[in-house]
Amino acid sequence: MYALTQGRIFTGHEFLDDHAVVIADGLIKSVCPVAELPPEIEQRSLNGAILSPGFIDVQLNGCGGVQFNDTAEAVSVETLEIMQKANEKSGCTNYLPTLITTSDELMKQGVRVMREYLAKHPNQALGLHLEGPWLNLVKKGTHNPNFVRKPDAALVDFLCENADVITKVTLAPEMVPAEVISKLANAGIVVSAGHSNATLKEAKAGFRAGITFATHLYNAMPYITGREPGLAGAILDEADIYCGIIADGLHVDYANIRNAKRLKGDKLCLVTDATAPAGANIEQFIFAGKTIYYRNGLCVDENGTLSGSSLTMIEGVRNLVEHCGIALDEVLRMATLYPARAIGVEKRLGTLAAGKVANLTAFTPDFKITKTIVNGNEVVTQ
């Protein structure tokens, strides 16, 4: 048992000064005034840093020089372990490894690997995000068109049978029958709209069928026009739909993030959609069967198509504060509490309270990570 002291604590709801977080057996035992700590307890100083729940990234293709995509060798427990270690350096304690449009065979391998990883590493990766393959070719982005397809009963059944390790599926609502969306949602999978050319009417039909999330708002969806709001307009119009947004200033203009925040409130989640260069020093990598080039913060293919980001969660937090003018407490909720709610893990993650998993991060006022704790263990100390 130990207590984190001498920092500013953000519980997920409020900032507390002169308080401590007591950690024991991998869980938060209490959040209490420093004056109430037992005299014999070990105290670990935060040296004035801000202590927050660990960040939760619900869309992450790769980082730390690796990708959970493309090949049987890459879709492995080892890749997920490398991604977790890279994440921890940027304050991210939990994430959804994202496997983009690929073959049935590699999807099934991803499920097997996820099951093995979850048995070995609790409260870190939180299940698989399958981004595709039921997308609209018009909005495929960097996804391999040879693998984009319509749903078939066998694959739908397989996903539902493995819903305990598949947390989220991204699909184009106009390409997937309502009964398939409902079946996935009823199995306990978060169904997300993305890589879609849906009209407002098609998007709303998808929402009624069971879609509760939207993948990287504004990206890989039609422009909003006066007569046709499209998927983006539907997301902004529907109060209960969660969505992720990439806050690197390259995927989405900061003015659009501000507008989305005004409309979506507590349903807007920070995501990175990161790829191998995040937390690594590389200039190119393979993604969706293509060479992707990393230059000046951009990840693009040979045609200039955006192909994921190099963003880390702490960089996204800083960008939302410094470039969007969103208050720090609300930005931290966008990186912790709101994604936890979106994927249904808020009872154990996303806030600092007694009984919650002790996944936390600490950072300086200039957004440098000083400490990351996973299951009560300090995994990063700087």
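Glycine residues also receive a Cβ, built from the backbone N, Cα and C atoms like all the rest.
Following the DSSP three-state reduction, the secondary structure of His216 (Zn(2+) binding site) is coil. For His216 (Zn(2+) binding site), the same-chain residues lying six or more positions away in sequence with a CB closer than 8 A to its CB are Gln59, Gly194, Gly244, Ile245, Ile246, His251, Val271, Asp273. Annotated Zn(2+) binding site per Swiss-Prot: Glu131, His195, His216, in sequence order, evidence recorded as experimental evidence.
Over all protein chains present, the Cβ of Asn219 (substrate binding site) has 18 other Cβ atoms lying within 10 Å. Per Swiss-Prot, substrate binding site is recorded for Thr142, His143, Asn219, Ala220, Arg227, Asp248, Gly249, Leu250, His251, Leu306, Ser307, Gly308.
The feature active site, proton donor/acceptor is assigned by Swiss-Prot to Asp273, with experimental evidence given as support. Cβ contacts within 10 Å of Asp273 (active site, proton donor/acceptor), excluding its own Cβ and spanning all protein chains shown: 27.
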Measuring Cα to Cα, how many Å separate Thr142 (substrate binding site) from Glu131 (Zn(2+) binding site)? 12
Relative to the Cβ of Ser307 (substrate binding site), which residues of the same chain, six or more apart in sequence, are found under 8 Å away? Gly141, Thr142, Thr275, Phe287, Ala288, Lys290, Ile292, Cys299, Val300, Asp301
Around the Cβ of Glu131 (Zn(2+) binding site), the count of other Cβ atoms that are within 10 Å: 28
Suppose the Zn(2+) site is Glu131, His195, His216. Which further residues of the same chain have a Cβ inside 8 angstroms of that site's Cβ centroid? Gln59, Ile100, Gly132, Leu135, Gly141, His143, Thr170, Ser192, Gly194, Thr215, Asn219, Ala220, Asp273
State which of the following binding-site residues has the fewest other Cβ atoms within 10 Å around its Cβ: His195, Arg227, Gly249, His251. Arg227
